[in-house]
Amino acid sequence: PRSTAGSAGMRKAIHRRIIALRNTVWYRHRVAARLAVVAVAVLVVYVAAFRGSPEPSRRTRAQIVDRVQRLSRLNKAARKLTNSLRKSLAHAKARLASPPSPSPPDDVISQPLSQQENFRQGVLPVPPLPLGGDRWDGRVNKVGGRDPEKLEAIRGAFRLAWGGYSKYCYGEDELRPLSRTCSNWVHMGLTLIDSLDTLWIMGLKDEFHKAKRWVANELPVAPNEKVSFFESTIRVTGGLLSAYELSGDPVFLEKATQIQANLDQAFQDTEIGMPVSEINLKTGEGSLPGWTGKSLILSEIGTNAVEMLKLSQHTKKMEFANYAERVIDFLDQLETPVKGLYPSLISPKNGRPTSRRVSFGGMGDSWYEYLLKSWLLSSRQVDKYKRMYVETLQAIKTNMIKKSNGRIYLPTMEGTFTTRLMEHLVCFMPGLIALGSAEGVNQGRSAEDLRLAEELMDTCVEMYDMSESKLAPDSVRFSNQGMVIDKREFRLRPETVESLFYLWRITHKQKYRDAAWMIFQAMDRNCRVAGVGHANVKDVNDPSQKEDRMESFWLAETLKYLFLTFEDDSVIPLNKYVFNTEAHPLEKIPEQEMQVILSSLHGA
């Protein structure tokens, strides 16, 4: 209290608080009692249901046990809160009995505890995820140091997934964790290649060197199968290049060069010189998907500059960079209704749009991502990449960003009409915009861009907070009533934690680490398959329903970004590395080496 009058007012406030606390303690006792009654009632109902009937199935017994355990956890939470309220009541009484304390200096005013800090001190049993606006604490942690406890927990989740893959599917593409079987669609040990740099970053060197021996002796560089040009470039070539730069072992560069040379046969199968969707690495036969009407997909043709530039840097073979430049020049000259917004589908015959859909989710996302990242990778030597990215950013602000109940979102657009749908895939955009802001790509508007990134980040975090499991649905819709679930599945996607990683590294606001930790806990709790790994969830409001799939990006992206969020900033620093769209860190190309590449491109 700052005065005698203030002291009297404080005493009245404390009296009111004591009454409120007493009522709350009484209420929590009633809640605990009712929970106990409900638990007994559930058991009685199930016993009555099965009396005289055959023994209930294993699934039914598991459901009974699960419900009882849930009720037990709620009862414990109620007891914990009751105890904390009793302590608060005792503290309030003691404070009422003590004399007023002297006023603090005007320049020293204590800040209220955030909800997350209260949670860590045991005051709140189940905290909400941190959200934006007035629900954020807003304090800045000036030290980007490591958090050993959380790093070990995330490393443990990775070890579980890697262990299951190694046990059941080593050298195959992906593990099906529920059936403990394998799937192959790239036919090049996809999870193993995709996880190489994660193994290195997490310090799992024995596992890394075992995987290196597999790459050296068993990795097929030309399987007689049709594979995705796009996915193979970002996951296989990107993963091998990152492993090469981190370890210095030339076997990774050798394999990456051979595989990408085979993949680049995809450029020969269209009249306009753009790569087809699938290519047989042995025969060179290419194809386009029927579901697109045999059209090219924007993200598939436009996401290769980062990998191609790195290959030209390391091998001095400029044909890789030439292929990437061909695509960028083609799209730069494409006539579109809005400059900077590109159609999702393009004709392979005449290069004209075959769809008016504009998306920063599926079919578009990584093309936009590589505009900024190619500029950063080139050590800012190619103004064209920067110009195209800034055009896109301005077009987003002018034409696509929408607001609903105080939350902004980035929907898809059909022609000039914006939908109310936003995909989880879009949640890489807060991180990308924040990265561009930190790098000063949009001169004079960096602060404005960072605000946009943070507001969009709030929406992506709320996608997790809205479900029963605290997992985000694959897409949401917005209405006058706010945000509602559209596609209910959760696919172990990395986009939100990717953006949280960038926002943490750029701002050092503790709220971003808090959100990342809460999301990791929800993922590990709801997606874990005991002793095997993690699986997709079919319904975020009922995480017991799982899909038999663990995609390679769970190990390559999601767990890596989570790990780096709690690692020291000096590990894979953003001033030195650029992450490709599969989260493979690649060193920025020095200016002199980039000039050699540019000279070749201009000569071509």
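Note that Cβ sites are derived from N, Cα and C of the backbone, with glycine treated the same way.
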Under TrEMBL, the annotation region 'Disordered' belongs to which of these stretches: 124-143, 524-543, 584-603? 124-143
The residue range that TrEMBL labels region 'Disordered', out of 66-88, 89-111, 480-502, is 89-111
Quick one: TrEMBL says C460 makes a disulfide with which of C182, C427? C427
Between C427 (disulfide bond) and T581 (Ca(2+) binding site), the C-alpha gap once rounded to whole angstrom: 13
What is the interatomic distance between the Cα atoms of T581 (Ca(2+) binding site) and C460 (disulfide bond), given in whole Å? 18
Cβ-Cβ neighbours of C460 (disulfide bond) (radius 10 Å): 27
